[in-house]
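> According to TrEMBL, the feature compositional bias 'Basic and acidic residues' maps to 275-285. The domain 'OmpA-like' feature in TrEMBL is assigned to 367-484. Taken from TrEMBL, the feature region 'Disordered' applies to 220-248, 267-321.
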């Protein structure tokens, strides 16, 4: 269903119009005076060409033809003092006028059924005048004869008036118009004004009744009945019901057009296809099991405090740790994929059998375990954090073990002797641990995030600091493997 057509006979969509009409003429001359007397009107016809300028203005060219005459039998005005005169005119005019339209969108709608207007302008007026005036004549009956006045007159014509149109169908309107015409002549009846009369020119009312046809067809790309010029939504899909602006109807005013709105009678959001969501949780109310409490889509809009996928109202174990697999009641599911006796939810190596002591991961083999039990370490020169060449075998062994046991990480602890301030020794011990880490990451390719470094300064000596040998042993870095 589409909007009713907005196109009137002449508009911005159909800027040109053709009018055909009948003329009824009521003249005021020296011989004739039938202004507003329809019973004694003269008749004719006309053709008009109209051009839309703006919602308020049109320009109109009107070509008219009519006969204006008066028989002596119907005239009581004695023109010459010897009796009534008579005349017979053939008149043609070409008038150019400017219309001031009241259906301009400000006073009346541009598409109103009634289309009143004012019109005024200037034109050319040609009259072929044939008049017979009584004069004294010897030998004529009653001593009165006739003199003939025969002249073609081309004069200017000024006119003004009003009219009204009635929209009938798309592109066709009926109109009626009345104008007062002042041609610049006083001889339409062959008689000039007597001295006793006013000096106004001969004049006449012209009443027009006819039809105006809009030429051309308004462009309507999407076929919704609203021309492209007025269409604010020019790409509306075929068959969608639209308003007068060409946009799809939106009955509930939520910004989602009815043809896309899953809830067309309730205001909602675009994200939910026009359906309401009172608690703003992204679940439309019609599907929300807790419409007044925000919750995730997974639990149909109900709260789920521990995020296990089971709504709080159904959760028997409401504080399950994040990531724990749960059953329908929200309680942890006991799973041990590697059958090592350590449940997967705490097993750091869920696919490799291990021990509880190692959080489900396998331990070191005997050789490596024996090696690490001796707490391997490397030593440094006095007041330095530069590796000795004798340190490389130990570091290489650490690299090999990290590769062999991917579930283990390495902790490197730096130490110093007691010479110097506590603050300096603390900083020096950290640099020694970092030097060992740098070798492993830069030279051996161990991932940096698998190594943790720390410094203890002079706090943890392994030998007395009273001798050179003891102090040398304390200047060291130690290594421990751990599972995190």
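Just so you know, the numbers here start at 1 and follow the chain as drawn.
Cβ atoms here come from the backbone N, Cα and C positions, even for glycine.
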> Tell me the residue counts in helix, strand and coil for the region 'Disordered' (267-321), as DSSP assigns them.
12 helix, 2 strand, 41 coil
> In the domain 'OmpA-like' (367-484), how many residues does DSSP assign to helix, to strand and to coil?
55 helix, 21 strand, 42 coil
> Mean pLDDT for the domain 'OmpA-like' (367-484), as a whole number?
94
